[in-house]
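A.B. asks: Below are the structure tokens for one structure; questions will follow.
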Amino acid sequence: MSLLQSALDFLAGPGSLGGAAGRDQSDFVGQTVELGELRLRVRRVLAEGGFAFVYEAQDLGSGREYALKRLLSNEEEKNRAIIQEVCFLKKLSGHPNIVQFCSAASIGKEESDTGQAEFLLLTELCKGQLVEFLKRVECKGPLSCDSILKIFYQTCRAVQHMHRQKPPIIHRDLKVENLLLSNQGTIKLCDFGSATTISHYPDYSWSAQKRAMVEEEITRNTTPMYRTPEIVDLYSNFPIGEKQDIWALGCILYLLCFRQHPFEDGAKLRIVNGKYSIPVNDTRYTVFHDLIRAMLKVNPVERLSIAEVVRQLQEIAAARNVNPKAPITELLEQNGGYGNSGPSRAQPPCGGTVNSSGVLALAEYDQPYGGFLDILRGGTERLFTNLKDTSSKVIQSVANYAKGDLDISYITSRIAVMSFPAEGVESAIKNNIEDVRMFLDAKHPGHYAVYNLSPRIYRASKFHNRVTECGWAVRRAPHLHSLYTLCRSMHAWLREDHRNVCVVHCMDGRAASAVAVCAFLCFCRLFSTAEAAVYMFSMKRCPPGIWPSHKRYIEYVCDMVAEEPITPHSKPMLVKSVVMTPVPLFSKQRNGCRPFCEVYVGEERVTTTSQEYDRMKEFKIEDGKAVIPLGVTVQGDVLIIIYHARATLGGRLQAKMASMKMFQIQFHTGFVPRNATTVKFAKYDLDACDIQEKYPDLFQVNLEVEVEPRDRPSREAPPWENTSLRGLNPKILFSNREEQQDILSKFGKPELPRQPGSTAQYDAEAGSPEAEITESDSPQSSSTDTNHFLHTLDWQEEKEPETGLDNTSPKESQSVLIADGDGSEVSDEEEASFPSEERKPGAGEDTPRLAAGTKQQDLIFDVGMLAAPQEPVQPEEGVDLLGLHSEGDLRPAAPLQACGVPSSNTDLLSCLLEPSDAAQVGPPGDLLGGEAPLLLASPVSPLGLQNNLQGKVPDTVDPFDQFLLSSNSDTQPCSKPDLFGEFLNSDSVASSTAFPSTHSAPPPSCSTAFLHLGDLPAEPSKVIASSSHPDLLGGWDTWADTATPGPASIPVPEGTLFSSAGHPAPPGPNPSQTKSQNLDPFADLSDLSSSLQGLPAGLPAGGFVGAPAPTQKSNSPWQANRPTAPGTSWTPQAKPAPRASEQLRSHFSVIGAREERGVRVPSFAQKPKVSENDFEDLLPNQGFSKSDKKGPKTMAEMRKQELARDTDPLKLKLLDWIEGKERNIRALLSTLHTVLWDGESRWTPVSMADLVTPEQVKKQYRRAVLVVHPDKATGQPYEQYAKMIFMELNDAWSEFENQGSRPLF
């Protein structure tokens, strides 16, 4: 009988396992199973386990293959475990690194032929187990570090998805055998039969029985080699939770790196003590050593969380410039590439191994033929079916190329990118259009629109006629009007319904799709630069491989939707010639080229310089440059292609030649300023370049151009003319606030300015009168960024300062849009969407929007000044001698007569130390219209200027009213002789309007009353300072001496007046007792002491006066050790005061030459010690206050002040470090010592002299990485800070390498 049974088993085929189980398995193969709407035919056995089989099944309708898991159970406990596995898989399905759940079904044991309950679980079919691929690769050598990084990162992403569930799902049986390789080459985690949501927290109250029960349950669901110390020894009372998956991941990483398990024998003692060893001589995987140690900690509390593991892997990937989400191509290449048919076919292990947890072990069987009885049992129908299956294997072997997962990526939840949806045979290597339709209909039923960017078309009915055909040409940037129209269309579709999504595709879902999606992200104001958008696309899908022209057109869109948009003009442009400097080396001898040019406008070729070979000029290196004359007028999208003409064998006789493309340039004329004469493109701005050796160093291409002054409107109005920018908000790109915050945390790094290697320049000459007529039509820049697209333009409009809205958050942008009016309709998406949150600037957490004008990195205009003169703007930097640019409070000044100060045309310096309250328009006879004292004058306001023009007494004094008032102003109340009329007279209206709008009035405390020298009192002060010479400004020494407050500081009460000796000065005399007016304007110049008197009591708190002295001869020195000439700055001779402000040391010496000065005699009285706050209300009005007591003066200071409120001080310190040195490896290394944390002594500062050659830079960079590498700071308080420094250095090093590792000189 046994012999007969063996014979039947032999005839049943090689798939038989023998006995009832084998017959059950064989009986199931070939059957048709219905799961929901799917009708599947079971084709063969893939694997078997303790109570489960895995089959390959094919959908009879679509031909798609699936993995069908058949689970058998005869116990209620097993039933619950199976149902739980199905529930977990269904809940976790959808993640790219977890096997996809499709369907499930079950029947009771009463209905089953096996007498057991049956459960069917349908999932996607993967290529095979990772173990088998690793074995094949490792036979040829160790696995590369990048491949291990991808494998482990994708595995951790799957575990992270499990741990993020509520409650967290713990896999408990993570091992390399449970990792599958998809047809696309990505990792898929499978087998959730051991997963649970229950955590255990043993303590001393647990009984031995309870510990034994828990240990038994855990042992049944885990693999011995991967068990954790807390599981092996429950009496350690460590918590048993998600950290057991971290331990298993550490074992997997160790196994991937060193091809052996850290606890190969599963010895409990070694596991409990964490005894494993990393090979000492390993240098290939050193980057993973610290990560392995951190994951294999005995105490689970000390192990890294899965989020920390993923973050460290991302940092390693960024440092190695690897996309960790990409397919593991090394495994696919070693195993036949993407074209392998079906999953890997491995030989079955002996007897089919089954572990203690009942997990499926590999038992794949090759079944190239069926058993003899299979044919007899199925009859002729089965025979022809098998023949049909065999004939279809050729197509199936090709169809498995990248099949199994659709090539579709979600940039956001509402923007998707995929490759071309193909039909027919082509669908074997591309997305099948039916699969795409089914996927989109299932996920976004009725709410998706497809945008086809490729020149090929297909039936729009496949996607319910919601297909937009764009037809963009390949290997060039799209036309601007087409790109802008596409962005408008996508925005309108997303606004219709908050459930709508946009699906964009070209042929491969790369360059063209990246341009469209990145431009749309910028159109919605998520980013303001192309670099940030392209980076997000690269991380969400793949590196797009775009050209500089693609990026240029994305920047065009950024400019057009900026806060102050730049609209392209409609002026034609004459391209005179193309100049290449130096001569490119395209000849066979590498000594020159024979170039010719083709120019396209849109799709039409407008000119070519191609001629017969001998008639085209050949340029040599000695020529220095190659010039191609053109003389063609273009407008709109311009494409210039430069070819090298090369003679072929026998070509001269046949008048034939071969052309070799050298490069091409594409741009839009609407963004070239009207006065540009030369457009310069660097080597990095050129498209379709050949090998770098053919382009000499500093190679650039210049277009000699001339922009016509008149507009030439196109036949059709461009789409941006009548487009309202209201309502553009980045939140339309997301489905909820959490998604937006996640995007900001990943891609919200502050956008970097343009890099030097990707900029071009524009030269221009003085504008002609015709050009000035159309001057206002030129696109204008709104940014102060030095690397702006139009930064170096010197247009006349730039007399008005640029007020770019730096760091404008989305919330601020929204408020601006709302403030524009209520005409914009709020979409349904915006009404139902999450509330907009303001983005807070950070080092790497948010995305502060840079100035709206920081665009067009590819083009910079270098334009000369126009013929129209420009009014100079007084800079605010340098020594502020008279406080002309300091800020102060605008306080109305009282009339001069109210203070009891007489009018005089001879008392030149009486108002030198008057309070600001004593200011009034001078009476007749005042030489310069003395209206305010030199030092204490109140600042001017625009209102004061208007009052002067209207003949009224101003509330505040304008120190430069004589300079600003017109000479023909007959309404001025002064009738005094105009002694300085010739050089003080100017047109006030022209002068005021010539200044920028933000400087229409002088700065608040621009006190220039040194020319207002009238109104000097005659009576000397009742208190005489102990000085042998008159010292008008002697009290200033007190400032320098007492700048640092001491214990003897004397508080100054409100309204108290101090002399230079520190004693309170009595109030001034009655106005009736003052000296009468003198006729000689300079008579009292030598009797200065007589012009000093007690000042009125209206002086602000903290005021003081200089020390007057008895009358001296006219030739007696009156100021000791003063500067040589009036108007120059000087420092009073006093004892050193290191902390004194520099502004307190620079003043005007109004009168007195060198020969008139003598030796200063010190005062007999002790000088007072006052605090720095005693003159708080005095100094701000005169420009002598410290800068830290004033508000920010510049936009940069305002941004820093805003950052300081919400940002970590360490991040602020890092931002200050990289400011102005973004991606400049030399600058960052030479200043690295300024940002290192306290106690770091391994780094020795380096200078620029140590960073001249690329070798020196590389050496210092490696030293710096050893110091700041985050792995060396694990667990330290400065760990996060070290990570930020490391990332900045790494970005700078990558940029240094991308630019060719050039030497400094």
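Heads up, the Cβ atoms here are built off N, Cα and C, so glycines get one too.
In case it's useful when we look at the structure, here is the feature table from Swiss-Prot:
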ACT_SITE  Asp173  active site, proton acceptor
BINDING   Leu46, Ala47, Glu48, Gly49, Gly50, Phe51, Ala52, Phe53, Val54, Lys69  ATP binding site
COMPBIAS  776-789  compositional bias 'Polar residues'
COMPBIAS  805-816  compositional bias 'Polar residues'
COMPBIAS  822-832  compositional bias 'Acidic residues'
COMPBIAS  1111-1132  compositional bias 'Polar residues'
DOMAIN    397-564  domain 'Phosphatase tensin-type'
DOMAIN    570-708  domain 'C2 tensin-type'
DOMAIN    1241-1305  domain 'J'
MOD_RES   Ser2  N-acetylserine
MOD_RES   Ser2  phosphoserine
MOD_RES   Ser16  phosphoserine
MOD_RES   Ser454  phosphoserine
MOD_RES   Thr774  phosphothreonine
MOD_RES   Ser781  phosphoserine
MOD_RES   Thr792  phosphothreonine
MOD_RES   Ser809  phosphoserine
MOD_RES   Ser824  phosphoserine
MOD_RES   Ser938  phosphoserine
MOD_RES   Arg1122  omega-N-methylarginine
MOD_RES   Ser1171  phosphoserine
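For the listed features, I'd like the structural context: burial, neighbours, distances.
C.D. replies: In the three-state DSSP assignment, the secondary structure recorded for Ala52 (ATP binding site) is strand.
The DSSP breakdown of the domain 'C2 tensin-type' (570-708), given as helix, strand and coil counts, is 19 helix, 73 strand, 47 coil.
Residues in the domain 'J' (1241-1305) partition by DSSP class (helix H, G, I; strand E, B; coil) as 42 helix, 0 strand, 23 coil.
Taking a C-beta cut-off of under 8 angstroms and a sequence separation of 6 or more, Ser454 (phosphoserine) has the following same-chain neighbours: Phe420, Gly471, Trp472, Val474, His505, Cys506, Met507, Ala512.
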A.B. asks: Distance between Ala52 (ATP binding site) and Asp173 (active site, proton acceptor) at the Cα atoms, whole Å?
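C.D. replies: Counting only the Cα atoms, the answer is 17 Å.
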A.B. asks: I'd like to know the mean pLDDT over the domain 'C2 tensin-type' (570-708).
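C.D. replies: The answer is 88, the mean pLDDT of the model over that range.
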A.B. asks: Could you find out if DSSP has Leu46 (ATP binding site) as helix, strand or coil?
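C.D. replies: Going by the DSSP assignment, Leu46 (ATP binding site) falls within a strand, counted as strand.
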A.B. asks: So how many other Cβ atoms are close to Asp173 (active site, proton acceptor), meaning within 10 Å of its Cβ?
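C.D. replies: Its Cβ shell of radius 10 Å holds 22 other Cβ atoms.
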